[in-house]
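What follows is one structure encoded as structure tokens, with my remarks underneath.
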Amino acid sequence: MGASPVALTPLTARARRTLARPALALGWVAISIAALPAITGVSLSPTARYAPLVASAVVFGMPHGAIDYLALPRAVTGTVTVRWLAVVGVLYLVLGGGYAAAWFFAPVPAAFAFVAITWLHWGQGDLYPLLDFLDVDYLDTRPRRAATVLIRGGLPMLVPLLGFPERYRSVVDAFAAPFGGSVGDLAVFDPRVRLWLGVAFAAATVAVLAAGRRRTHSPGAWRVDAAETLLLWVFFFVVPPVFAVGVYFCVWHSVRHVARAIAVDGSVHPSLRAGDILGPLARFGVEAAPMTAAALALGGVLWWAVPNPPTTLESGAALYLVLIAVLTLPHVAVVTWMDRVQGVL
């Protein structure tokens, strides 16, 4: 890949600012506010802890992937055709259907596969805005980008295990429970294993950031990268996992991908150049609505099909996350395709 510029989205500087500023700032502000109860010792009720996750069904979370049927063809060719709709449909049918079946036959491996897939996807979800919105100059090779994906994805997926091992175990166990599975006492929950994981991941975080600082000619962008990384380290270490992941999913990961999906829609570029973000956002909402509704209907089918249907808020939220898992695998395929076309990978 070398040091050649990244061929991301063809936006003017004004249009890029219109997208980037709210997409980045919303995450910074929301994460900071959401950390306050934990930092000040306030205990949230179960309803409050699960509220962001429940809200994600309609607020950015589910919709950010529901736009795949349009985002992929727009990124690849700039136009949407029946052929492209069929391509995305087949991706979801084959990958999502296969993964859904895996939950019924091997729920515990499927649950940990979800953690691994999400680690990759949330890492790649932060790579794009670093390159396009912050214009970092030190992620100029695939190994450096892969290292950043490893760190950024590990913040929401690994750090909660370090800070809240028992809650982490209960969440993963709740994934498998509707399908008759149980996590049990795996080595990853052993205190010594977690200690070594924490030391290794902290060292890797410092090493990746230090390497970027040595290479950058734009220290301001690097400082934002480092500040985001530190913010997320603290957030996921001190905030209970379900609440932390729900907030992050809604207002950090999903919002940044929504901005990316808007960026590949050429019809809204004039609005972005004029400084208008509300019009493009409304268009996104309309376009994402049909597939969001279809995904929620699929959730109802999943609820009916599992051997042990949920009876509590916790188990219901866990099954919702299984639905997210089933949809995440084909979504990762779509985003990876976009990454290849746009020069991110």
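Backbone N, Cα and C atoms are what each Cβ position is placed from, and that goes for glycine too.
Residues or ranges marked as transmembrane segment by Swiss-Prot on the basis of sequence analysis: 24-44 (among others). Same-chain residues lying 6+ beyond the ends of the transmembrane segment (24-44) with a Cβ under 8 Å from its Cβ atoms: 52, 129, 133-134, 224, 228, 231-232, 234-235, 238-240, 243-244, 247-248, 250-252, 255-256.
Long-range Cβ contacts of the transmembrane segment (52-72) within its own chain (Cβ-Cβ under 8 Å, at least 6 residues beyond either end) map to 34, 80, 84-85, 87-89, 92, 242-243, 245-247, 249-251, 253-255, 257-258, 260-261, 264-265, 284-285, 287-292, 294-296, 317, 320-321, 324, 327-328, 330-331, 334, 337-338. What Swiss-Prot records for 52-72 (among others) is transmembrane segment.
Of all Cβ atoms in the protein chains displayed, 27 besides its own lie within 10 Å of the Cβ of His64 (Fe cation binding site). His64 (Fe cation binding site) falls within a helical segment according to DSSP. Among the features that Swiss-Prot reports, Fe cation binding site is placed at His64, His121, His253, His257.
What Swiss-Prot lists as transmembrane segment is 85-105 (among others), and the listing cites sequence analysis.
According to Swiss-Prot, the transmembrane segment annotation covers 111-131 (among others).
The transmembrane segment annotation in Swiss-Prot covers 146-166 (among others), and the record cites sequence analysis as its basis. Residues 115, 118-127, 130, 139, 188-189, 191, 194, 197-198, 201, 204-205, 208, 211, 229, 232-233, 236-238, 240-241, 244-245, 248, 253 of the same chain lie 6 or more positions beyond the ends of the transmembrane segment (146-166) yet place their CB under 8 Å from a CB of it.
Marked as transmembrane segment by Swiss-Prot: 171-191 (among others).
Per Swiss-Prot, the feature transmembrane segment maps to 192-212 (among others); the stated evidence is sequence analysis.
Here Swiss-Prot flags 231-251 (among others) as transmembrane segment. Residues 26-28, 30-32, 34-35, 37-39, 44, 48-56, 59-61, 122, 152, 155-156, 159-160, 162-164, 167-168, 171, 205, 317 of the same chain lie 6 or more positions beyond the ends of the transmembrane segment (231-251) yet place their CB under 8 Å from a CB of it.
Swiss-Prot lists 286-306 (among others) with the feature transmembrane segment.
Tertiary proximity for the transmembrane segment (318-338) is limited to same-chain residues at least six positions away from its ends with a CB under 8 Å from its CB atoms, namely 53-54, 57, 61-62, 65, 68, 71-72, 75-76, 88, 91-92, 94-96, 99-100, 103, 110, 114, 117-118, 120-121, 124-125, 171, 174-175, 177-178, 257, 260, 264, 295, 298-299, 302-303, 306, 309-310, 344-345. Sequence annotations record features per position, and here Swiss-Prot assigns transmembrane segment to 318-338 (among others) based on sequence analysis.
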Within-chain partners of the transmembrane segment (171-191) [C-beta distance under 8 Å, separation at least 6 from its ends]:
103-104, 106-108, 110-112, 114-115, 161, 165, 197, 241-242, 306-310, 314-315, 317-319, 321-322, 325
In terms of Cβ proximity under 8 Å, which residues at least six beyond the ends of the transmembrane segment (85-105) contact it?
68-69, 72-73, 113, 179, 302, 322, 325-327, 329-330, 333-334
Report, as numbers and ranges, which residues of the same chain sit near the transmembrane segment (111-131): CB under 8 Å and 6 or more residues beyond its ends.
6, 8, 20, 23-24, 99, 102, 139, 145, 148-154, 156-158, 172, 175-176, 181, 183, 225, 228, 248, 253, 256-257, 259-260, 321-322, 325, 328-329, 331-332, 335-336, 339, 342, 344-345
Using the recorded Fe cation site (His64, His121, His253, His257) as reference, state which further residues of the same chain have their Cβ within 8 Å of the centre of those residues' Cβ atoms, listed in sequence order.
Gly65, Trp122, Gly125, Phe249, Ser254, Arg256, His331, Val335
Binding-site residues compared (His121, His253, His257) - highest count of Cβ atoms within 10 Å:
His257
